[in-house]
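Following: one structure in structure tokens, then a few remarks.
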Amino acid sequence: MSTPENMAWPAPAKLNLFLHVNGRRSDGYHELQTLFIFLDHCDWLRFHINNSDLVDIKPALADVPPEQNLIYRAAMLLKQYSTQPLGVMVELDKRLPMGGGIGGGSSDAATTLVALNYLWKINLPVDELAELGRQLGADVPVFVRGHAAFAEGVGEKLLPVEVTQKWYLVLVPECHVSTAEIFRHKDLKRDTPKQNWRELQQGNWHNDCEPLVKKNYPEVEKALRWLIEYAPSRMTGTGACVFAEFKHEHEAREVLALIPTWLRGFVARGENLSPLHVVLQQVYA
């Protein structure tokens, strides 16, 4: 294994196996219930530590100014915990789509927090690191904590859970869905009754954002219509990605082989423990 100073750190994708919207609070945020799992399909980040006091990212993401880049913002948040001139050049191998509902930006931010917490020797406990992550986005803490979780509230209440391991075919429609736009929309269904985790384990899962996204983004509706011919399918998060689950890898790959030219997709295994935390356990071993 590479030494921590030159190794690649994974930033895994996530799926929301369901997303139930229970209501909207007076502050505008939504009460949700959702189930997060990780996939073994990842962005990869290398962190080249220096004492320049600068945070540099290569290649720069097109159309994303540095101060809006979650990797940059995560590193700058962490720098506040040291008086040393900490610097880093982050090398990003971007494989997860942006605006896809599989957590690409949030996962990159979490991996930056976790890796630099170690490499910069800041050594914040995981609770503090997750709280920093929450400042960057509602999904960042689950990536920081690194275990499949049932989430409630505005996503801040996380119950670690074990989910039966399956294989997933994820399709990536050629569109970018704005999470903020979907949650602002007057037609979003916001009245799914809350259930406890024991009740939810019985199934009847759905995604309350899916009907609205299908209506406003024909590419998502078209992808779901194609995929549902082969297996029960749903959208993850606020989209645009959609997924179907399979018991065996070969079943998922057989459907992937049939994918039409207007679609992209990948097959990945569902994980209860984040690939990031598998690496972290090796680093601290």
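Cβ coordinates come from backbone N, Cα and C, glycine included.
Record features, source Swiss-Prot:
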type	residues	note
ACT_SITE	K14	active site
BINDING	P97, M98, G99, G100, G101, I102, G103, G104, G105, S106, S107	ATP binding site
ACT_SITE	D139	active site
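A 10 Å cutoff on Cβ-Cβ distances gives S107 (ATP binding site) a total of 30 other Cβ atoms nearby, all chains included.
The sparsest Cβ neighbourhood within 10 Å, among the listed binding-site residues (P97, G99, G101, G103, G105), is found at G99. Sequence-distant contacts of K14 (active site), defined by Cβ-Cβ distance under 8 angstroms and a gap of at least six in the same chain, are F36, I37, F38, L39, I102, G103, S107, D139, V142, F143, T236. Highlighted in sequence order, A13, L96, G237 have their Cβ within 8 Å of the centre of the Cβ atoms of P97, M98, G99, G100, G101, I102, G103, G104, G105, S106, S107, the residues recorded for ATP, and are not part of that set.
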